[in-house]
Amino acid sequence: MELMVNRIRPYAWGSRTAIAELIGAPSPAPHPQAELWMGAHPGDSSVLLGAADERSLLDVIADKPVLMLGDRVEAEFGPRLPFLFKVLAAAEPLSLQAHPSAAQAASGFAAEEAAGVPMSAGGRNYKDGSHKPELICALTEFHALCGFRDPVLTVELLADLGVPQLDHYLSLLSGQPDRDGVRALFSSILTIPSSSFAPLLSAVLAACVRLVRDGSPFSTEYRTALELGERYPGDPGVLASLLLNRVTLQPGQALYLAAGNLHAYLAGVGVELMANSDNVLRGGLTPKHVDVPELMRVLDFTAGDVEILTGDEVRPGELVYRTPAPEFRLSRLTLSTTPLDLTHEGPQVVLVVDGSATVTDGTGESVQVERGRSVWIAADDRGVTITGSGTAFRATDGLVAP
């Protein structure tokens, strides 16, 4: 077990205060700090603070995969950490996006490799051949768009706008209020010619202003469209946002996003755990590469309510956020003076988000983990326990129940 030095991604949508304050750095930071990465991704591996030297976690796992990952994880996923753990701090909305399934990622990656598309090319969609299910757990109030809303409610929301130019598009869903109708409407919105879209969006946003002022039951959704319209004027994603569930997570609540789930994080700070992939298909709300046909290929148009996870208490002091993903498992630890056993047959990363912790192994060796710091626990670290005060999050693989 060793303390980690983690990398910060400076994406433009990031907060200048949240991550800086978490890790005890000067705040505000000089540049946006969007994500703190904890793991062994080739793009930004964490570094381990060993007694003798400092090495990247990526290199350590490559040298000793079975000792670091355990037999079952290495056999299932190969000599690579199957998950990537992050702190995500959004001061501005992220793009409207989805992630491919394992089969879609494999075929998409192979096709781009065969076509000779450079990995650094702006139009490259697939950075690897893996899928990217993910889980976001709120540290602050966290706002998101997630999955397509029940079509019956979406028809009501759009009809309430009272925009005649929208009638043709609305009929695509009102005449077929199911996943095929959702697909037809969403595809049409993203492909409206700009000459027609500009006046349509202008009329929709004007109606949103009126309905928010009048206290519509859909005021939150309309207000979100207005905010997105200010940041991304003329972007089809602004209108498409009105098809999605608008979700507010309270601290400790989480969302699981399976392959094909269309989503956009809007604002807030959370811990995010995902399969170790960087594949993103975007449909709008971004200056980055947008590939509508490829996005349509991977999207799941199943519509309905969003399941908000609150965690299951598996023992005193540990709540687990259960998902079907074999690559990862997230739990929230409430720290106390009573040691909590962290025995596990696979790799672990523990991040302290409040207070401090002492992590001790079976030999009696211990490391102090302060707020904003994380510790790597290898599969061959035995008899590991944690004590302290405050809250920590524990990331493991999802193959072996801790």
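Each position is counted from 1, following the chain as shown.
From the backbone N, Cα and C atoms, a Cβ is placed for every residue, glycine too.
TrEMBL entries are annotated by machine, without manual review.
Remember, it's a predicted structure, so these values are computed and weren't measured experimentally.
According to TrEMBL, the residue from HIS31, HIS263, HIS289 that belongs to the Zn(2+) site alongside GLN97, HIS99, GLU134 is HIS263.
Using the Cβ center of GLN97, HIS99, GLU134, HIS263 for Zn(2+), the list of other same-chain residues with Cβ within 8 Å runs, in sequence order, ALA98, LYS132, LEU257, ASN261, LEU262, VAL280.
Taking only the Cα positions, the spacing between ARG282 (active site) and GLN97 (Zn(2+) binding site) is 4 angstrom. Minimal Cβ crowding within 10 Å, among the recorded positions HIS99, ARG282, is found at ARG282.
A 10 Å cutoff on Cβ-Cβ distances gives GLN97 (Zn(2+) binding site) a total of 22 other Cβ atoms nearby, all chains included. In sequence order, HIS99, TYR256, LEU257, GLU272, LEU273, MET274, ALA275 make up the list of same-chain residues 6 or more apart from GLU134 (Zn(2+) binding site) whose Cβ falls under 8 Å from its Cβ. In the three-state DSSP classification, HIS99 (Zn(2+) binding site) falls within coil.
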